[in-house]
Amino acid sequence: MKIVIVGIGYVGLANAILFSKNNENEVVLLDIDENKIQSINNHKSPIKDKLIEKFFVQNISKLHATSNIKEAYFNADFAVIATPTDYDEQLNFFDTRSIENVLKDIKNINSKINVIIKSTVPIGYTKTIKQKFNMSNIVFSPEFLREGSALYDSLYPSRIIIGDKSVLGKTIGDLFLKNIEKKNVDIFYMDSDEAESVKLFSNTYLAMRVGFFNEVDSYARKHNLNSADIIKGISADDRIGKYYNNPSFGYGGYCLPKDTKQLLANFYNIPNSLIKAIVETNEIRKKFITQLILEKKPNILGIYRLIMKQNSDNFRNSVIIDIIKYLQEYNSNIELIIYEPLVKEKKFLNIKVENDFNVFGAKVDLIIANRFDDKLKEIKDKVFSADVFYTDI
């Protein structure tokens, strides 16, 4: 069986490895990024994920990547679309053009391929494109992967959602069940609109938890209370749970900001209060944190890491970047220095980058860190962070 994975991000790569572990499958990765293609063909992971990196060490010739669409789609049985769908602030909608471009190629080259969409899409999207392209062989199956743990979450999924109740949906469900490691996983077959809803509502619930515990922390800070003690007491209730409860500067990253905004857009003309509040509370929190930082009146403020979470290899839509922008908006004269080893340039957002940590620590009188790590221990008296449990969960 030949399976094409379109998009070499953490979702695409995790799915590629999942299917390639079965020797009956031929897996081809398709992307336009020649650096990622070269990395995979040289048996190196283009993303940071311990299990994925381990796979490349142990399975030298399992995966092949290409930018040649004809080569990729020739004789393929399935295509998994895992291309980015960023949120367009002007349109108030996901930018789904990458998916449609893939579907155009598939229809022109090999229209018999069964298409599985893993990219996050608006509610109602799958039905729309099936009509637009006159293709009945398109199924939406959302992913619930964490960046940094994408392969583990693919092998041991919390559940499998298939947005199709037909024979094709059952075939795709069996395809995943045959390749995952977890036994007795729940699999749900439903309408595509419902599967799309599961994805957006799931991430919006997680964003709601982040927002809730951030507001607990905001209250505690204003009243000089210990937020860690309060949160521990709240979370000890099994109905609430001891997860996703660590305060932060706000939620960021690739999924939660865009998915909450898309769900709110899907609520157009539907009475709602909570969904809107989840989006708003994140901006309120970032502004609140910015004011707390400015109240400390630092002469030189250090920004420790731009990454969205601990051990990430990127800072796409990172909350700390929003904090920087608010700082510059509220006080244009504030002097900032960034420590971020991932940035090789001397400046970022027109701010000096200092990647000698000792020099960085000596130059600044206050350091802000969305997440605290061991590197900061020796200068912890200089650090301002909302992180009370030292975890991303």
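Residue 1 is the first one shown; counting continues down the chain.
Cβ atoms are placed via backbone N, Cα and C, with glycine included.
On a predicted model such as this, the values are computed, not experimentally measured, just so you know.
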Site-mate of GLU143, PHE144, LEU145, ARG146, GLU147, LYS199, ASN203, TYR244, ASN245, ASN246, PRO247, SER248, GLY252 for substrate in Swiss-Prot, selected among LYS70, LYS309, LYS325: LYS309
Additional site residue, THR120, THR171, THR290 [criterion: listed by Swiss-Prot with VAL11, ASP31, LYS36, THR85, GLU147, TYR254, LYS258, ARG316 for NAD(+)]: THR120
Recorded positions clustered about THR120 (NAD(+) binding site) [Cα within 10 Å; pool: GLU143, ASN203, PRO247, GLY252, CYS255]: GLU143, CYS255
Residue, out of the binding-site residues LYS36, ARG316, whose Cβ gathers the largest set of other Cβ atoms within 10 Å: LYS36
All-chain count of other Cβ atoms within 10 Å of CYS255 (active site, nucleophile): 22
Densest Cβ neighbourhood among ASN245, PRO247 (binding-site residues), 10 Å radius: PRO247
Longest CA-CA distance among GLU143, PHE144, LEU145, ARG146, GLU147, LYS199, ASN203, TYR244, ASN245, ASN246, PRO247, SER248, GLY252, LYS309, per record bound to substrate, angstrom: 25
Candidates VAL11, LYS36, TYR254, CYS255, ARG316 (recorded positions) - the one closest to GLU143 (substrate binding site) by CA: VAL11
Under 8 Å by Cβ from VAL11 (NAD(+) binding site), counting only residues of that chain that are 6 or more apart: ALA82, LYS118, SER119, GLU143, LEU145, ALA150
